[in-house]
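Copied from TrEMBL, the annotated features are:
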REGION    A:1-21  region 'Disordered'
TRANSMEM  A:27-45  transmembrane segment
TRANSMEM  A:51-71  transmembrane segment
TRANSMEM  A:78-98  transmembrane segment
DOMAIN    A:297-515  domain 'ABC transmembrane type-1'
TRANSMEM  A:297-320  transmembrane segment
TRANSMEM  A:332-352  transmembrane segment
TRANSMEM  A:382-408  transmembrane segment
TRANSMEM  A:429-448  transmembrane segment
TRANSMEM  A:494-516  transmembrane segment
Amino acid sequence: MTATKLGGPVVQARPAPEERPDRRGHLIKIPILGLTTAIAIWAAFPLIDNGAWTGLAILAATTAGLLYLYLTPRHVPLKYLAPGTILLILFQVFPVLYTASTAFTNFGDGHRGSKQEAVTAIQTASVTQVPGSQQYALTVATTGDPATGPLVFLITDPATRQVSAGDADGLEPIDATVNSAGRVTAADGYTLLTAGQAGTRSAEITALAVPTAGGAIRSSGLSRAYEGRAGRAYDVGCDCIRDTATGRTWTADEQAGAFVDGNGERLAQGWKVGVGFSNFTRVLTEPAIAGPFLRTLVWNFAFAVASTGGTFVLGLLLAIALHSPRVRGRTAYRVLLVLPYAMPSFAMLLVWRDMFNTDFGLINNLFGLDVDWFGGSASARLAVILVQLWLGYPYMFLVATGALQAIPRELAEASRIDGASAWGGFRRITLPLLMVALTPLLISSFAFNFNNFNAVYLTTEGAPFPADNPANGATDLLITYTYRIAFGGGGAQYGYAAAISIFIFLIVAVVSAISFRRTRHLEEVHS
Amino acid sequence: MTWVKQVGWRHVVGLFMLVFALAPILFVVSAAVNPLGTLSSSEIVPTGASGGNFSRLFADTEFGSWFLNSLLIAGLSSAASVFISALAAYAFSRRRFRGRRVGLLAVLLIQMFPQFLAIVAIFLIFSAVTDYWPALGFNTWWGLILLYLGGALGVNTWLMKGFFDTVPRELDESATMDGAGHPQVFFRILLPLVAPILAVTALLAFIGTINEFLIANVFLTDTGAKTLPVGLVGLVAGERNANFGMFCAGTLLTAIPTVLVFQLLQRYITDGLTAGAVKG
């Protein structure tokens, strides 16, 4: 296929002669390496300040490795692979592994932090002011910008006049200047909020609870605080939460990561625990989930095949139609026909959604229809695929045009002379040659469309939804369904969402692997 | 009659597709110049013309800075990603080393994991980065560009490797015999020869980045730091009907850079797409 294969045996690449140092190369290389080192040193300071020694060690090792790599004449391939690989590991592999590991946990709303954090949250949430609660003078401050910075309560002990700074992590004594009323007038490292600034953030101030041994300190107004007692307290002895008023107890269930009472009722606040494969088995075995999941999977395949196949057929048809020197204005056709490709797709998806609007949408108006496009499953699916055709055919048209030009015209003419019809010649000669060139692109297009989040999210958002299942609509792809589970209104379930993304990954990987095998087979036949 | 059979049908197909291709664009243009600027008053044929939507777009929203942000982020990250994947493609195409096959497969496989499903992890990572290095954190160009570059070693590397493979090895072998080091072979000999595929991957990366909505939406929360998709989608999120004219005006303006990049790279594109595809 390439000039190398034209004659003679394949020549083995000779071992490269000793790489000679190139003086001009050094003029570029040394400043770049210097810059890398400078950036590394700049990045090291915050790590040292925060005592992030592991981070510092990784940074130092990476920098040293890079300097070694580019100063030694050895390891040539690695010199070319290092930049991409480092970025890939940092921003792709690491997040993916992190996500994959959450698939084995119950991470999500109500199960975000550690057990200790859950206990603290339960206790502080149940704090009430009881008669005789300790009162403090309160000054609201922040360590950052008065409008957005994290809030800190500066409270003054009425007896000792000792000032402490408190936030969600607890209290810590600090040095500060106090006026006669016990209010703080100045404190190093803190910006005091004026009454007006505090007033605009009063909701946050009311919500803030500073945990203490027996309860929490909360504000009452903007200048007073009280130490309330927790209505629900953690008891180490029984590893349970006990309601001090009613005596009801919720015992810790380490498997579920929640406090459960005798009747199986859970407290809303739980903690993150490993749940093994249960997120995966849920998808396959729980009838309420498995049914919709399977339906979505089937539609997802149909969508990916229809989008990829439809755009391919349309693009190819167009390329063939215009692949003739006798068609006048071919250049004009070409420029106009690829315009949809140049339009921003996110915006055009929203425009299409409005064009399908039942009451004042262009499509109903133009054709005098009264179809509720996104109301019925079939019409909504048809609409989504139609939009995909519009967005996707120009790419296939471009690609097919290029591929057609690469096929020698003589081949088709020869078959014509041998008595084949135009269609026969196309089917037997042109199409197979085209497929060799285009199959890899079709595979990547399939993989892209299989997870074409925007196509559904910006048009139908998965609608229409069946009456009994508001989580799983007729046009939902696995990816939009997963997104709704992870970030939707019904409470985030990151662990379960991560499990589904692993399913998606496996499906796409298997389909692609099979197709790539087939491609190789095609190539062997035709080249 | 033979004309109809040989040429006529081609025009029929072409004209039919022109209508299909251009009707939505005409609708957008018409809505953009529609003086009323609402969705319900939009028709396919403009009923009036004014630049009101365009001037409102610049006066009432931060469209100017969204546009600049998008151009810079998409421009810089596509240029950098083309360079990084070209480096990797050179290694995979020209060098034989241990782990080459595994590396190629790994690059392809990792790409198949939908990146934005890792958005929770990405969010947590960048929360830490924002604490340590605010200059690379949320609401900054550099942070987002780095994040996009995480995928630089992906499909594009494959596309490029396929194209690199079609350039005869004898060219760089003879340069090596003449005493050129590997940097010279790469920069002086190979890169100019593979210009078409560089143009194609640059275009694909540019279009991909300028349309990327989800990650940018999580990453950029300051009004002034937003990119075009984040800003424009936000524009119609609340007042869909009333802002439709402005939205369409913004859509047209967003298309301009893409069309320009397209025109700029036109002559390379068909070459690059097909030749790269041959070897996949």
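The count begins at 1 with the first shown residue.
The backbone N, Cα and C atoms fix where each Cβ goes, glycine too.
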Intrachain neighbours beyond the transmembrane segment (A:494-516), with Cβ under 8 angstroms and 6 or more residues off its ends: 99-100, 102-108, 111, 275, 279-280, 282-283, 293, 297, 439-440, 442-443, 446-447, 450-451, 478-479, 481-483, 485-486
Long-range environment of the transmembrane segment (A:382-408) - Cβ separation under 8 angstroms, sequence gap at least 6: 303, 306-308, 310-312, 314-316, 318-320, 322-323, 334, 337-341, 345, 348-349, 352, 356, 373-374, 430, 433-434, 437-438, 441, 445, 449, 452, 455-456, 459-460, 475
Chain residues in Cβ proximity to the transmembrane segment (A:297-320) (below 8 Å; excluding those fewer than six residues from its ends, i.e. six or more beyond): 337, 381, 384-385, 388-389, 392-401, 404, 426, 434, 438, 442, 445-446, 449-450, 452, 455, 474-478, 507
Positions whose Cβ lies under 8 angstroms from the transmembrane segment (A:51-71), at least six residues beyond its ends: 29, 33, 36-37, 40, 43-44, 78-79, 82, 86
